[in-house]
Amino acid sequence: MIRLIRSTDKALDDLLQKRTIDLEKVEDSVKEIINSVRSGGDEQLCTITARFDGIRLAPADLPVSRDEIQAAYGKVNADFLTALRTAVRNIYHYHSRQLRNSWIDPQPDGTLLGQLLTPLRRVGIYVPGGKASYPSSVLMNAIPAAVAGVPEIVMVTPPDRSGSVNPHTLVAAAEAGVTEIYRAGGAQAVAALAYGTQTIARVDKITGPGNIYVTAAKRQVFGTVDIDMLAGPSEVLIVADESARPDYVAADMLAQAEHDELASAILVTPVAELADQVQQELYKQLKKLSRRTIAEKSINQRGAIILTENLAQAVEIAASFAPEHLELLLAEPYRWLGSVNNAGAVFLGHYSPEPVGDYIAGPNHVLPTGGTARFFSPLNVDTFMKKTSLIGYTPQKLARFGKHAVTLACMEGLDAHAASVQFRLDSLPGDIEKTAPGTSGAGGNYTTALHKLPALVMNENTPGARNVPGMTSLKPGFGNLPQKRETVTGVNNINSFNHFQNESRNGRGKCK
């Protein structure tokens, strides 16, 4: 029977706290697997797969061929392909809105500051497989990478007992832009992606959900490669008022419960009658589910109905829980949206059930779990991008501000840092600050060089920027540098540090 908890019960605190995934019990075995693949490559990858999954593969069997992918199209029906392509379009459109550009902020003295955004070169996506097929996981991991411009998108997925990969998964990979597919799963596949084998080249980042062994492996290889997050069991929290239909609420709770015995489905409501009706509806609908055993265990052991004093308290509990999925089955869901910033995804109103987010709406379904929505974000285009800062000083700029860098370096006891700047300051003419600025000290004219960078823009707040929605394109001959007066604050008393003395020519400082 599902737990019924009142907002004043101590059991509510326990429910909020006991949501972490325990990886410690598999850490040693996962470490052994990783080390074996790291040292033994393909041979150990295949040996471990045979030992744990009962599937015998040779290294030559690991790659999925183009012919296999083509053949997969003949094994899926037209309705699936139509639904899949609808999802691809929606997911691509949504994630395209997340794209950001590199930018520069040119100063009137010729200085250039900016940020360069570039896609990762090679990423690995893990897709659960074996007996099951999860084409939606392929789309949600691969499409943001493709939108970001990642040139090499590598998928690993466990094959079935015959060594075949589910055709629906293969078709989804082809439609989403995956460039390489390997039949490998478990911690051994994560190790292969992180360290490389004779067949599988190492990647820069690993994303995608998996079981406890996959999650533990991702944690252990983090630092050698980047990862998306450490995902735990799926969860939904539903805030509902008297406008909610009990059958809708129960169906949405069971949609999470059928995932996994460890999944959490929680209703929070101030309406006692609704709580009773949902409780009855849950067990009525359970009888019809093909995964009844899993869903029933999840509902009984990890589910809950929480009765609150009012709707505001229900929303407050939701924010504290920071769920992966938050449904607002309310008469006025948008009224409460500003109060629920801790959630992986928010589903607004009675006709936005969580499964539309899993499959077709467009936002990503790879979401933070276990309360980590307080500080993690859904998988997105930025997941597959990296940022590089750009700094191009002119002699005039260095003459004006270099002494402050020397001051701070001396304060930190880093003499070589100070000397790096001071050598340049001492080589400059004494009246350099009065001369007209030239091009960036990086060398050459950046107006004719930087336009070659992809999607480069000037800061949208920079005066003189051209009008492009949201940003401004930088093109050859983009015109005069914006005349923006530069101000610096917070350095008026910087020369008062005891370790800094104003002893060099032109008022520039050296460490004692």
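A Cβ is built for glycine as well, from the same backbone N, Cα and C atoms used for every other residue.
Since the structure is predicted, the reported quantities are computational estimates derived from the model, not experimental observations.
TrEMBL names S234, Q256, H259, H325, E412, H417 as substrate ligands; from the candidate set D204, D276, D358, D382, the record adds D358 to that same site. A gap of 46 Å separates the Cα atoms of E324 (active site, proton acceptor) and H417 (substrate binding site). For the recorded site, D358 (substrate binding site), the DSSP three-state label reads helix. Using a 10 angstroms CA-CA radius around Q188 (NAD(+) binding site), none of the binding-site residues in Q256, H259, D358, E412 qualify.
Cβ-based crowding with a 10 Å cutoff singles out H325 as the top-ranked of the binding-site residues H259, H325, H417.
Fewest Cβ neighbours within 10 Å among the recorded positions E324, D358, E412: this applies to E412. Counting only the Cα atoms, the space from E412 (substrate binding site) to Y126 (NAD(+) binding site) is about 45 angstrom. Counting other Cβ atoms within 10 Å of each Cβ, the lowest count among the binding-site residues Q188, N211, S234, Q256 belongs to N211. Close to N211 (NAD(+) binding site), meaning Cα to Cα within 10 A, are none of the binding-site residues out of S234, Q256, H259, H417.
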